[in-house]
């Protein structure tokens, strides 16, 4: 899918000729996929803005290179040095506006079963109006009265929503690993190469998980103290081992023939990331040394005062988040995802192994669905008979993702 061309949908209100010229070279795209990509594009745009707001480097560069910076900040009433536009509180406010945007559409799209209804047309179009609405909500959050009370309450709402989104991310990762394992296992019936690739990827995943466990034990623990870190690393490492044994146990194999170490390897890597996130976000411990001076323990020496581990957590978390969102957008329908989790799969005879197993071949869709070009990119209208995914659930997931981004970028309190 040509993601770049989707951005030009924003310009369609200004000039359809230019939009058609740019998008004519793009490959075919389904209507439901393009809609989800546009919402994902809005989400990524606001997330990048939040990362910029938390960057001290960007703030310092703005002070240095923008002429009359101090006067400009006073003019827009953002503080003497625009301190209201950067830092934790600014990210909370921007993410509050984005969360309200997606929650509003969640309420608006409840019980939409037909793509021909008025509410469905609004969901699938009016992108310039939605962009203006999103910008207005994010900007309006800066004018909320009693900011201290708002921030204290909102951070707990964010923590709750972030926890729920972690659970949804786990479901997406499990479904992704199921589809991956099922597709490559089907290919192994014809070529042994797929078995080798499956074993190689599984080995790499477990190597990454074990290496992460060892590095966290080295950098975040010591012989004395750090009991919380030791318990967290030990329990999560033990649970990953337990999940791996369960995945290959006979009782699970009988009920889920496509279950294997690939799924548990993916989840083990994700759990190691969550453990790393918890360890880096936890306030450091201090003890008295032999000279009766306070020293910081249970944190890597390279990160003391530099927050390198926190920045790494933010980068990894944002990458995983974007990956999950793009995967959910590329998946043609959420019904196949729910069927995979219930153990309903395509038969091996009809399954074709391929490296890009996420995308369903377009051949069948082309034969069944109505296709229109309209002078630009070819669009497959795959929702003529009804919606292929739940609009309300889609927006609710993005609402939770907004809270998760807020907590991840601000290092969880």
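First residue shown is number 1, and so on along the chain.
The backbone N, Cα and C atoms fix where each Cβ goes, glycine too.
Features reported for this protein in TrEMBL:
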type	residues	note
SIGNAL	1-18	signal peptide
TRANSMEM	37-59	transmembrane segment
TRANSMEM	90-110	transmembrane segment
TRANSMEM	122-144	transmembrane segment
TRANSMEM	156-176	transmembrane segment
TRANSMEM	197-221	transmembrane segment
TRANSMEM	227-248	transmembrane segment
TRANSMEM	260-279	transmembrane segment
TRANSMEM	312-330	transmembrane segment
TRANSMEM	391-412	transmembrane segment
Among the recorded stretches 37-59, 260-279, 391-412, which has the greatest number of Cβ pairs closer than 8 Å to the transmembrane segment (312-330)? 391-412
Surrounding residues of the transmembrane segment (227-248) on its own chain - C-beta under 8 Å, 6+ positions past either end: 206, 209, 213, 216-217, 220-221, 259-261, 263-265, 267-268, 271-272, 274-275, 278-279, 282, 298
Can at least 3 Cβ pairs under 8 A be found between the transmembrane segment (156-176) and the transmembrane segment (37-59), with each pair 6 or more apart in sequence? no
